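**Q** Residues or ranges marked as transmembrane segment by TrEMBL: 12-32, 44-65, 85-106, 118-138.
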Amino acid sequence: MYPMLLHSHSGLRWVVLLLLLAAIFNAGTKMGGKASYTDRDKKLGLFALIFSHLQLVIGFILYFVSPKVVAMGDAMGDKVLRFFAVEHLTIMIIGIALITIGYSRAKRKSGDAAKFKTTFWFYALGLLAILAGIPWPFMGYGSAWF
């Protein structure tokens, strides 16, 4: 079960990153103009939100079955264990919370430009947090690209 979840989590990362980039690009190109906030714009943000939440759920399951976070007492003394037990989890929760807040606030805004601006900034900050928390292959303790 663990290897399947790990591969799913690793592969789904690319879907989440692509959806976030698409939502940010969409909002960024439309927030300065007079574009209307259409159902397509809302759905793009919603799909980015849904897939990031799905990624978080898979991550939580992995957190409880992973051999990397079993020894919590040793986690703070070991750089790799600390990253997976504390830093990765915390950074990802912050990133996905920002995306969730952004989607929720954008829904409540009255003007179209305000909706695009809110989506752009919250999703961009969420993406930055997520990019900072991903265990990239070039890190000493990073995961594979897929």
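A Cβ is built for glycine as well, from the same backbone N, Cα and C atoms used for every other residue.
If you look at the structure here, what lies around each of the features I listed?
**A** Beyond its flanks by at least six residues, the transmembrane segment (85-106) meets 20, 45-46, 48-49, 52-53, 55-56, 59, 63, 68-69, 72, 75-76, 114-116, 118-119, 121-123, 125-130, 132-133, 135 of its own chain at Cβ-Cβ distances under 8 Å.
Beyond the ends of the transmembrane segment (118-138), by six or more residues, the same chain brings 13, 16-17, 20-21, 23-24, 27-28, 31, 41, 45, 48, 52, 83-84, 87-88, 90-92, 94-99, 101-103, 105-106, 109, 144-145 to within a C-beta distance below 8 angstroms of the stretch.
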**Q** How about long-range neighbours of the transmembrane segment (44-65): same chain, 6 or more residues beyond its ends, C-beta under 8 Å?
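**A** Same-chain residues near the transmembrane segment (44-65) but 6 or more away: 1-2, 5-6, 8-9, 12-13, 15-16, 19-20, 22-23, 26-27, 89, 92-93, 95-96, 99-100, 102-103, 106, 119, 123, 126, 130.
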**Q** So if I exclude everything within five residues of the ends of the transmembrane segment (12-32), which remaining residues of that chain have a CB under 8 angstroms from its CBs? That is, six or more out.
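**A** Hits for the transmembrane segment (12-32): 41, 44-45, 47-48, 51-52, 54-55, 58, 99, 112-113, 116-117, 119-120, 123-124, 126-127, 130-131, 134, 146.
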